[in-house]
């Protein structure tokens with residue numbers, strides 16, 4: 001018999017807990033849209049409530065829906081031994097799965113000002129940033145420049161290279177997760193530079209969006225990830 | 001005898017050219033290839049030579065299907081920036097003064113894109129896009145164009161389905177095209193700034209599916225934008241004229 005567990009939708013306790021649901025006796029895991037830990041309007045004026053709502057309810061939801069569909073088709077193709085369909089589905093999985101992964105991180109990378117959004121990084125991450133980039137301002141300048149230079153759609157990241165034990169700034173195209181740029185890269189902060197992330201508010205002026213988004217970046221979360229990976 | 005119906009792919013073009021160490025084609029493109037490339041671009045009647053040409057209609061003329069606000073930003077800011085930035089980028093380089101099509105071809109560089117490609121191709125693509133639309137456009141084409149669509153797609157509806165799917169499934173930023181090559185019509189989708197010119201075919205029609213093209217009017221609803229484009233905006237006259245030019249260009253060099 002199909003077992004259904006409705007996971008809690010109140011907290012953003014982690015990707016796996018809030019986003020998995022067993023369906024059918026095949027056990028194809030499906031994903032659900034994680035809740036935001038803040039109201040849509042809570043990041044204003046840096047990011048408008050209108051953008052947050054459409055970004056979360058429409059764009060991220062579409063990635064989740066399409067990812068689930070692709071996984072379902074993959075499951076069928078794998079069971080049938082249909083190798084060419086399995087291969088054909090890879091781009092849909094990368095795109096939609098990547099979209100789900102990236103946006104789930106993004107919502108945690110943001111926080112309202114009242115909850116620490118924009119407060120500069122402290123502790124070991126703060127020191128690491130000073131070491132690698134001179135100062136938080138140096139890092140912001142570099143990430144903003146690289147984010148502005150992304151042609152088409154993509155993301156700009158601050159990542160930790162676990163192997164080399166250093167911080168890196170990199171960009172990815174479309175919905176490629178940071179790990180596609182290096183297997184040992186762990187994303188700490190990702191900024192969505194797809195036009196849907198800013199267009200309704202900032203129109204063509206992506207640099208202005210990049211200037212303002214730092215006011216709501218949640219460095220506390222980035223520090224948590226950093227400290228966990230460093231130990 | 002040079003056979004223009006066998007359009008060489010970019011790869012073949014590059015093997016036969018002299019390239020300098022930066023990969024930019026030297027001015028000594030073989031005459032035949034340069035002529036053929038000029039014909040391909042001419043067939044689409046885009047004569048942009050680093051000029052921001054206004055659309056062939058007022059910025060509010062496509063309302064309510066494409067808003068004046070969209071045109072003001074899309075043409076007035078995005079397209080303008082591609083043209084202005086291209087001019088700055090080629091200033092003082094070998095590319096300065098070269099026709100736009102030449103720059104697109106050189107900087108495509110067999111897929112290893114050189115810095116000016118994005119601005120050059122986008123300048124071309126956008127002029128082509130404005131001219132692909134008209135007030136009171138849309139619906140079904142007629143005459144020879146319809147006959148060829150029915151021949152190569154079995155029906156207009158099948159063409160519509162394929163074009164719609166290409167436009168809807170281009171991941172991220174890009175374009176969907178109706179193109180002509182080897183006496184056949186086909187639907188093509190391309191990422192970012194890539195266009196059929198560099199893939200060896202004659203562009204006939206395009207829809208811009210970068211988010212900036214539809215976000216103010218449709219937000220995330222790209223399928224609604226594509227439907228509106230096909231139902232209310234496509235200029236089949238422009239497409240037919242381009243098809244005629246493409247056929248003439250193909251046959252005149254044999």
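Heads up, the Cβ atoms here are built off N, Cα and C, so glycines get one too.
For reference, TrEMBL has these:
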type	residues	note
BINDING	A:55, A:103, A:192, A:196	Mn(2+) binding site
DOMAIN	A:30-111	domain 'Manganese/iron superoxide dismutase N-terminal'
DOMAIN	A:121-224	domain 'Manganese/iron superoxide dismutase C-terminal'
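A map of TrEMBL features onto the structure.
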residue	record	Cβ neighbours (10 Å)
A:55	Mn(2+) binding site	26
A:103	Mn(2+) binding site	24
A:192	Mn(2+) binding site	25
A:196	Mn(2+) binding site	18
Near chain B - the binding-site residues A:103, A:192, A:196, filtered by Cβ distance under 8 Å: A:196
Tally of DSSP helical, extended and coil residues in the domain 'Manganese/iron superoxide dismutase N-terminal' (A:30-111): 62 helix, 3 strand, 17 coil
Beyond the site residues A:55, A:103, A:192, A:196: chain residues whose C-beta lies within 8 Å of the centroid, for Mn(2+): A:56, A:59, A:60, A:106, A:194, A:197
For residue A:196 (Mn(2+) binding site), the three-state class that DSSP assigns: helix
Residues of the domain 'Manganese/iron superoxide dismutase C-terminal' (A:121-224) by DSSP state, where helix covers H, G and I: 53 helix, 25 strand, 26 coil
